[in-house]
Structure formats: structure tokens, C-alpha cells
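What Swiss-Prot says about this one:
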MOD_RES   A2  N-acetylalanine
MOD_RES   K103  N6-acetyllysine
DOMAIN    169-340  domain 'OBG-type G'
BINDING   175-182, 221-225, 289-292  GTP binding site
COMPBIAS  560-572  compositional bias 'Low complexity'
COMPBIAS  573-585  compositional bias 'Basic and acidic residues'
COMPBIAS  605-618  compositional bias 'Basic and acidic residues'
Amino acid sequence: MAHYNFKKITVVPSAKDFIDLTLSKTQRKTPTVIHKHYQIHRIRHFYMRKVKFTQQNYHDRLSQILSDFPKLDDIHPFYADLMNILYDKDHYKLALGQINIAKNLVDNVAKDYVRLMKYGDSLYRCKQLKRAALGRMCTIIKRQRQSLEYLEQVRQHLSRLPTIDPNTRTLLLCGYPNVGKSSFINKVTRADVDVQPYAFTTKSLFVGHMDYKYLRWQVVDTPGILDHPLEDRNTIEMQAITALAHLRAAVLYVMDLSEQCGHGLKEQLELFQNIRPLFINKPLIVVANKCDVKRIAELSEEDQKIFLDLQAEGFPVIETSTLTEEGVIQVKTEACDRLLAHRVETKMKGNKVNEVLNRLHLAVPNKRDDKERPPFIPEGVIARRKRMEIEEPKKKRERDLELEMGDDYILDLQKYWDLMNSSEKYDKIPEIWEGHNVADYIDPAIMKKLEELEKEEELRTAAGEYDSDSESEDEEMMEIRQLAKQIREKKKLKILQSKEKNKQGPRMPRTAKKVQRADLENEMRSLGVDMDDKNNAHYAVQARRSRSVTRKRKREESVPPSSTARSRSCSRTPRDVSGLRDVKMVKKAKTMMKKAQKKMNRLGKKGEADRHVFDMKPKHLLSGKRKAGKKDRR
């Protein structure tokens, strides 16, 4: 796990933005209304609060900058040297020192003007002291413009640096430019480093991660190094030198066998000898890359002697090709194993191991006698082992069939199913049928139960249980069946009558309905009333006694009217109906009009008649005091 995370450094504002932010915050977070007729201690406190609040804002923001940026004396030497190469240690320390001085100056200015404000005897004098205090603070910050800009550039560059853990297991690639270092890291990790056929494509450190033996490894790709004195090396080359000097890693020195990088094998060997002091106490592997173009055996004797001398000194030489991936895994395995062994050896040499070993005691029992006591293996196990060696070949596994058949292989697990009827192996059984889970209705003993049922049925048939004649029904059973039929018919009739009564819609009261005499008589008869003497019934007598209704005589006019009223003129045809033939055509026109409006209503377009009152006085721009010299920013 990396101990440094430079991506969390807060943004460093420019001097102008710094001043604007702080003054705006003071205006927003402190009271803004004061009058000269207030008591003098209240006026002093009002302006003291503004000075102290501004000073505290500057102090907090500058302290945040100082605490976020790493201190070169406290971080790992690898990062300290890397920052010295990239940003110049003196310039970096000077910028942070100036920020620290500015913070102390702001604190002193606030302290002095708060002391002076205690003697202010009017609103005007207190206000002028406040103006002077805030002005001096802003001037101090304005003078730090270059330091703030430099620190912001450093912050941006630091946040883009790869996260390298100096203490974890690391493989470090180095060598001349364009020898295949970036191609190698792309093969062994998921890093996507740009690869081009020209030198110095990689201009900074790149990191990729991989797994080996269930451990996490980081692979660092360094920029190419040229063979010249240290003081002549540029910033790009010095990054590689810094990584070689400080990272405890297995070093992979990559050499180009084909010499397509523009440097011969002798030059690459001279660079190796030049930076060899950086390889002390580190596992080293020489990677002879681009063997797909030319191999060591195809080189001249003089060039072959270079690699033989390296092997004689104890450095393993492995031929690789990142194009065909030949030897890449071998290099990775060899480097990782050597680094693991080196780390264990280093820990064993340390004092911490001795402290632990002193607390450990290995108990070894004394030998009782010289009698041999080999492990006991039963004879059955030995015999079975012999049979396994001699007997017929093993049954082919599905994996063996897959390798044998290749693309024609199809995994079929149903062929191993043990069913009573082998033809049912490939029957399709649905999981869900008509909303029910089929597995819930499957009984393992279903066939056994079916056989028992079939035997029971055979016994019943043999006993003559199903031989009864259907025509042997007596008269009593016939009467029961006839009565049941009448009951069913009556039930259906009742249902129909109930449906008639439950008709929807307006109902006419019973008293308002016209009653037919014949219907009334039939209803009475059905209820059991004797209707033989119906002429003397009360409704017949009442009908004879009642008078016939006299019709009112139509009134006639005795005198003809003096004037005749003019009939009302015909109304003008409505516009939405005019020009249409009949009612059907009117309905069709309205339907078409609604369809045409649907799209416009759905989109909700703003029309010419839609009014909108704009906010003519936005509060965030017009709130607060607007005095002379302030209107350019409000």
C-alpha cells in the first residue's frame, strides 16, 4: 500500500482569486450595518471583528497550503530526490517559506491594527483603520503571486505522478531508449504505455501492477538513459537514475540484440558498466530483447563474448521477444523469485530476526534405538496401486474429450443420467407449468405407487365391483331424479328473474306503472285468490262509480289582435360549423383538430403570447452596500 497520496492536495488559488475569495467571505459572514450614533465600544467591536475574521481566513487557507504540500525532509528519499529533479528543491522550499512568512505577516498586521482600533474614538477612524488593515493584508498576499502560481503548477504535476510504493516488491526496467522496456511492461501488466519507433517516447516514470504467487507486484518503466556524465543528464534521464538509486527492486537491464535502437552492443555494455554502482545489493537480470530479429547465437564472436562475460559474473542473460512473447514469462518468474529470496535474506541479516529467533525453541526428541520404523501402508492400498498401473486405461473425462474434439465438442451431462428408460434422458421438462413449480409435484416413489394402484384396480375388477347394471334403478330413485331436475329448472328460473330485477338505469315507481286488469287477475290467481266473481270485485265497482274526466273547452279569441309579432330572425351559423355538410362531418373535423394539437401540447412549445417576467434585480448581484469604487465588481 502506498504511503503517499499527492492527489489530495487542495487547489492553490491565484493571488487575485485569493483576495477576492477572502474579502467576499468577510462581507458575507460578518455584520454589515453600523451607525455613528451607536456606542463607541460597539463600533470598535464591529470593525475588530472584520479585521480578525479576515486574518483568520488568510491564516487558515495559508496553513492548509503549507500542511498539504509534502516536506522534503519527512518523505521517502525517492520522492525527495524526484521532486528535486522535477521542481528544484531550492525553489520549492523558497516558495513554501515565503508562504509561511506571508502567514506570519498577516497575523502581525491584524494584531497591530486590532490594538490601534481600541483607541479609535469615532466610526470614521475605526473604519479607516479597518481599511488600512485589510489593504495591508491584501498587499502581502498580492506580493506572493509568483509563489502561489508556482505551487499550483507543482500541485498539478504532483497529482499526475504515478503512485509508487518505495517499500513494496518492485521490478525496475532500465536501459537505452527504444530497446523495448515499454513493450515489456505492457506484456506483463495491464499498463498501457505508449510505444513508438523513436527514442524518448517514455518521458516519465510509468507503473503497472501484476500478481505472482498470490502477491502484488509493481513494475516501473523508466525513461531511456544515455551514456554520458551525470551532470550532463537531463530531467528525463535523472528520473530513471533516481528510481535505480532509491527503489529496493529487481533490476531488469534491457539490451537490444538487433541494434535497431541506434546503439551497438558495446555502447549498451558501457552504459551498463557506467550505472553498475546503482545495481549494488539488488538482483539483476540482463534481458536480451528482440530475439525474433536476431539471436545471441547469430551474433559475432566478439558480441557473444559480451554476454558470456556477463554470465560469468553471475548475471543471468535471458533472450526475449515482446513481439512473439518468447521468454517474457521466464524473465518475470526469474526476477520475482530472485527478489523474494533477496528480501528474505536481507531480513534474516537484520537485528529484528535475531530478536524473534531467540524466543523460539525447536524441541527434537532423542533417538531411542537403531530400529527402523517405516510408515505402514496396508496391503490393499498397495494392490490397488498396482492394479491402477496395469489395468485398462482410465475412463475419458470431459476435459479429455474437449481437448480431443476441439471446436466440435459440446458439453452433454444428460448422457450420464441413470433412468429406467434411457430414451427419456433428453425429454424436455419445464420448470414452470401453468403457474406451478413442476419440482413441487415430482415424487421419487411415483412409479411404485402407480404399480400398487394398478394392482388394486385389478383386484376390484376381478371381484366384480364394476359389474353393476345401470338399468336396475327402482321407482323411488326415478322420483328422486325427477324432483332434482325440477329443482334445477326452478333455480335457473330464479336466477333469470333476479337478473331482470337488477337492470341498470332509471326505474319507474310501482304506483306510476299502468296496471293491466288481466295481469292483475293472473297474479291473484297464482297467489290462490278465487277470481270467479270478478265482476263484483272492488276494482271493477270502483271503475263504474268514478266519473269520466271532463275535457276543458278550448278558449277562442273574441277580438282579433291589433298587431302581429314578427318571427325571430335566423341566427348566424357558428364559425366552427360553417362550411360543413352534416353532423358527422362536424365530428370528423373536431377529431382531426384534436389530433393536430396533440404534438404541440406534448412538446409544450412556448408561443408568442406566452408571457415571462425576467428577474430584473438578481439578489446575488445587488445585495450589500454599493459605495464609490465598488460598482465595477457588483
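From the backbone N, Cα and C atoms, a Cβ is placed for every residue, glycine too.
Features per Swiss-Prot, on structure.
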| residue | record | contacts (Cβ under 8 Å, 6+ apart) |
| --- | --- | --- |
| K103 | N6-acetyllysine | Y58, H59, L62, S63, L66 |
| G175 | GTP binding site | K181, G224, I225, Y253, V254, M255, D256, Q268, L271 |
| T222 | GTP binding site | L172, L173, C174, K181, T202, L205, Q239, A240, A243, L244 |
| C291 | GTP binding site | L257, E319, T320, S321, E326, G327 |
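Secondary structure from DSSP puts G175 (GTP binding site) in a beta strand. A helical conformation is recorded for K181 (GTP binding site) in the three-state DSSP classification. Under the DSSP three-state reduction, C291 (GTP binding site) is assigned to coil, being neither helix nor strand.
In this structure, T222 (GTP binding site) belongs to neither helix nor strand by DSSP; it is coil. All chains included, 32 other C-beta atoms sit within 10 angstroms of the C-beta of K181 (GTP binding site). Counting every protein chain shown, the Cβ of N178 (GTP binding site) has 21 other Cβ atoms within 10 Å. Every protein chain shown contributes to the tally, and the Cβ of I225 (GTP binding site) ends up with 21 other Cβ atoms within 10 Å.
A helical conformation is recorded for the residue listed as 'N6-acetyllysine' in the three-state DSSP classification.
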